[in-house]
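Asks: Please read through the structure below; I'll follow up with questions.
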Ligand SMILES: O=C(O)[C@@H](CO)OP(=O)(O)O
């Protein structure tokens, strides 16, 4: 369990330690948006490339989603509308947060455009084994480069049919545009029209917006908001289940000091980011692998 859910108090029988008064920074003025990457998924836990495979949250991921809700509750967050992908790991995270906040009745808009990037032929492969086979440098390029896509998903790939025929895609993308792989650049190309056309008008109308999505679709939004270079975005690894806030001006750029603010203690956030970065170095012991994503 991450720190946000831990009760802070003294030992049994002792009076709880007095908490230091927190110095409150003056609230930034501007449009507030909260984003969160879904909690740990079953395939994050098993260290598998996931992309568009529709896997569940792990138990830890469900707990992370609750903690995200608790962190937002502490901030007295109140949302008017939530956006999520068509993948259940993001939707469950979104629902859990709204349940904790007792705000389950707000509209939730789901779009494939907020999906994780499509991992093509790497889908279902173990990240450590992929490093062992292709080398750390190549896997880093596939995972984090801006414009180098993973190899395409061929028609005989074990997850090809399952993804292509999934009902969740009945509203798009159209068959002729259905991705077989995506770089971050391609992910941004399909994600940003949704940000610009659907989310931005609501933000500008003064609505409080929650976006529960994925590591790479959110990296795409963050790259654009913060105007990060193709090199800078390679270094950003978003932790699972820790919400972050942006405060934006009228042109949807962060106001001074309004860039990514995590609602978690900095050490926990840093550690969680390092863990995502180092997934290719995880051993099977680390992941306590229970089964593979590879279909027989
Ligand atoms: O497997 C995936 O779909 C993504 C997110 O979990 O992985 P990565 O962090 O390697 O881009």
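The backbone N, Cα and C atoms fix where each Cβ goes, and this holds for glycine too.
Unlike curated entries, TrEMBL annotations are predicted automatically.
For reference, TrEMBL lists these features for the protein:
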- 37-44, 89, 116-119, 127, 143-144, 215-216: substrate binding site (BINDING)
- 38: active site, tele-phosphohistidine intermediate (ACT_SITE)
- 116: active site, proton donor/acceptor (ACT_SITE)
- 214: site 'Transition state stabilizer' (SITE)
- 259-296: region 'Disordered' (REGION)
- 272-296: compositional bias 'Basic and acidic residues' (COMPBIAS)
Asks: At 10 angstroms around each C-beta, which of the recorded positions 38, 144, 214 has the fewest other C-beta atoms nearby?
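Replies: Among the recorded positions 38, 144, 214, the lowest count of other Cβ atoms within 10 Å belongs to 144.
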Asks: Of the recorded positions listed here (116, 119, 144, 214), which is spatially closest to the residue listed as 'active site, tele-phosphohistidine intermediate' when Cα positions are compared?
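Replies: Out of the listed candidates, the nearest Cα belongs to 214.
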Asks: What does DSSP call residue 43 (substrate binding site) in the simple three-state scheme?
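Replies: Assignment for residue 43 (substrate binding site) reads helix.
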Asks: Is any of the binding-site residues 37, 43, 116, 119, 144 within 10 Å of residue 214 (site 'Transition state stabilizer') (Cα-Cα), and if so, which, in sequence order?
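Replies: Cα within 10 Å of residue 214 (site 'Transition state stabilizer'): 37, 116.
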Asks: Through the lens of DSSP with three states only, how would you label residue 144 (substrate binding site)?
Replies: helix
Asks: Comparing the binding-site residues 43, 119, which residue's C-beta has the most other C-beta atoms within 10 angstroms in this structure?
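Replies: Sorting the candidates by Cβ neighbours within 10 Å, the top entry is 119.
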Asks: Near ligand 1, meaning Cβ under 6 Å from any of its atoms: which of the recorded positions 37, 38, 116, 144 fit that description?
Replies: 116
Asks: Residues with Cβ closer than 8 Å to the Cβ of residue 116 (substrate binding site), same chain and 6+ apart in sequence?
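Replies: 50, 51, 52, 85, 87, 214, 215, 216, 217 - these are the non-local Cβ neighbours of residue 116 (substrate binding site), listed in sequence order.
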